[in-house]
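A.B. asks: Can you keep this structure in mind? I'll have questions shortly.
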Amino acid sequence: MAQPKIPEYKANGTTDKLPETVPIMPLSDGVLFPKMIIPVVITQNEYMTLIDEVMSGNRLVALITPKSGERKSDYGPGDLSPIGTLALILKMAKPDESRIHLMLQGISRIRTKNFIKTDPYLEAAFAQITENEKKDKETEGLMSNISNVYQELVRISPAIPNELGAMAVTIDEPGSLADMVASTINSSTEEKQNILETLDVKLRLKKVTRQLNHQLEILKLGDKIQSQIKEDMDKQQKEFYLRKQLKAIREELGEKEEGNVEAEEYRTKIEEGNLPEEAYKAATRELERFSRMHPSSSEYTVSSTYLDWLTTLPWDKQTEDHLDIKKARAILDKDHFGLEKPKKRILEYLAVRKLNPDSKGPILCFLGPPGTGKTSLGRSIARALGREFIRISLGGVRDEAEIRGHRRTYVGALPGRIIQEIRKAGTNNPVFMLDEIDKVGADFKGDPSSALLEVLDPEQNFSFADHYLDVSFDLSRVMFVATANVIDTIPPALRDRMEVIGLRGYTLEEKVKIARQYLIPRQRKENGLAAKHISFSQSAIRHIISDYTREAGLRNAEREIASVCRGVAAKIAEGKKVSGAIKPEDLYEYLGPVRFTSETGENALTPGVVMGLAWTPVGGEILFIEATSMKGKRGLTLTGQLGDVMKESATAALSFIRAHARDYDIDEDFFDKYDFHIHVPSGAIPKDGPSAGVTMLTALVSLLTGRKVKKGLAMTGEITLRGKVMPVGGIKEKVIAAHRAGIKEVILPRPNKKDLEEIPAKVKSAMKFHFAEKMGDVLELALNGNGATKKKKKTPAKSKKSTKPAAKKTAARKSRK
């Protein structure tokens, strides 16, 4: 049977006349360009009917892309793009009743006008779009660039036949070149439709150039990735091959593999290490993983480090305690002067250990100012016990992992400082000092003080769990010793775990003895000096301690002594003559001018000025309280950087005086006309605490009655609104400070009488102590009863003018009564 003749059509002018209308076939997954040929498969019944009718006629259909790009079973006129392609069906095949295969060739771009019918398929009138094929220099440049880039794309892409590259060179029409390239490159249906709808040929060439360059970049990047993958695979294959060869060579030589050698070493350590059962299981389990790892694996090092920690910790290694009490006492006395209370407690611990070796060790916390020997006392404990000594500083530690360690999931994870230091000590019963425990911080990383609760609890620390080890370690044999400067910043729960032993500041006499017996010999040795080169007179040592340092301990005093020793050493090195004996007048040459001048009791000479006693972290101090009054109605003014507690004490003192004004012969109207100002000198230093209550009240009464405070008298104590004198702390430091300032008498709250036992006998014998229960007792002692005690009998006061704002009732006021 003869094949039917296929009509011939041209884009510009036709051999066969084009019809006025054409059936529409939506094409959702592609775009047909003029002069291009594409295959299409039809499965929908309505389009099968369309094909049957077209094949019996002119074989023309319009392929138009839907606007949304979505597949539908039924498209309306509004769903289609306005521009499509008029196509000729070249071939049709029907392999079965459900499918039709078509081969379509594009003829020209068309624009749909109006739709003639919509059922059973769409049919519309159309207009053929003709193109201006004229070429200028820019067009020729664009065509040349497209041709060159397309050639490179054909060379790289296996999806584009080489024949198309050759064809692109022969195409002379710019629009046809753009259409051919756009139809063959890998771009989306939307991008191709955009090219089809671009009627300006020059603009179409530019868009195709952009798509072409983009496609070329993608292919080049893919090529590069593929090359890298191939290179990596080749490298792995090469490494695998070489390792196989290395393994064969080692087997021939009778050698074991590197990983197997390390695994065997770890196995030996585990078996001989006498690990606890939990640690033994963890180590064995990790060793099985380790033995299966390749040495070049990143996990190999992580696993090896973990096994190192498990096998090198002193699980069962401990030092034997030296429980010779006499020898321990001798060591403590040799290393430290004084400190009787801590020494006594340490010797008690040794005695208990001697009688009951299984007793749980205490958690001692040495509390005191800097330089009082807290840290060195820990070393002496280790010497006395014959144990290893380790120390970590907790100052500024804010991360819980510093105590417990990091979990092994983190890169570079390690155990916490507790486990690290114990491994370094090589024993499971060292003396472990937690220095500056009062300075532990907390932030978003956790609270280290909470982690220390387990460490310092004898009921829990036998199974301390470090996050890195993930097994329990027994800390119950460790003797923990902590140090702190202040106790207020230690959390209550942590404070409850420890036995706090206070280390008070030294007296001047104690400092002189310590300097002569310990500090000067040590600095001579460190600076290479002999006793003949340098010695200090008693007065020179006193001068250094009192005028060049201001501290409870001796750290700065040792620095000053070291400065003098270095100065002498420099002279000797230069060949200069040195006198050897350092006197007070020689100190200026080495240390410069005096840095501190101590307050003395001679300063409190005017009404309204009273000498109080204060406690500081570096020891006691005398503190002057100054009171004055001026006309006004603002009430009470407080200056000198006073804290809330001191402000409340001042308010309570003023309220007490106002309530008892009659008792002390003070004009009640005076408080309505005058303001009061209480100032505590050294305004740059913050001050707080209840100890100045009696001092402030005495200063106000002294001011209002015009009476001076007794010369050489200081006081301390808290007051109530009822006038009761309450006990305060820091009595030892305060009394020592008073003695240093030349004060002979001190007023103390009666409940503090017991605290005199802590004061050195030499200081106590040089001073007179008064104990007060009520403010009346204080005022009687301080003002000698000169108008400041409660009246027993009313007597009219003399009326006389004064330049001071007298608060006594005037005769005129009395006459009105």
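Backbone N, Cα and C define each Cβ position, glycine as well.
The annotation active site is assigned in Swiss-Prot to S691, K734 on the grounds of sequence analysis. What Swiss-Prot lists as ATP binding site is G368, P369, P370, G371, T372, G373, K374, T375, and the listing cites sequence analysis. Annotated compositional bias 'Basic residues' per Swiss-Prot: 789-817, in sequence order. Marked as domain 'Lon N-terminal' by Swiss-Prot: 22-216.
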A.B. asks: In the structure shown, which of the binding-site residues G368, P370 has the fewest Cβ neighbours within 10 Å?
C.D. replies: P370
A.B. asks: Find, among the recorded positions listed as K374, K734, the one whose Cβ has the highest number of other Cβ atoms within 10 Å in the structure shown.
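C.D. replies: Highest number of other Cβ atoms within 10 Å: K734.
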A.B. asks: Where does K734 (active site) sit in DSSP terms: helix, strand, or coil?
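C.D. replies: Note: K734 (active site) is helical by DSSP.
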A.B. asks: Within a 10 Å radius around the Cβ, which one of these binding-site residues has the most neighbouring Cβ atoms: P369, G371, G373?
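C.D. replies: The residue with the densest Cβ neighbourhood is G373.
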A.B. asks: What whole-number Å value do you get for the CA-CA distance of K734 (active site) and P370 (ATP binding site)?
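C.D. replies: Roughly 17 Å, rounded to the nearest whole number.
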A.B. asks: Give the number of CB atoms, excluding that of T372 (ATP binding site) itself, located within 10 Å of its CB.
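C.D. replies: There are 28 such Cβ atoms around T372 (ATP binding site).
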A.B. asks: Could you work out which of the recorded positions (T375, S691) has its C-beta surrounded by the smallest number of other C-beta atoms within 10 A?
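C.D. replies: Candidates: the recorded positions T375, S691. Fewest Cβ atoms within 10 Å: T375.
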A.B. asks: Across the domain 'Lon N-terminal' (22-216), what is the average pLDDT of the model, as a whole number?
C.D. replies: 85
A.B. asks: How many Å lie between the Cα of G371 (ATP binding site) and the Cα of S691 (active site)?
C.D. replies: 25
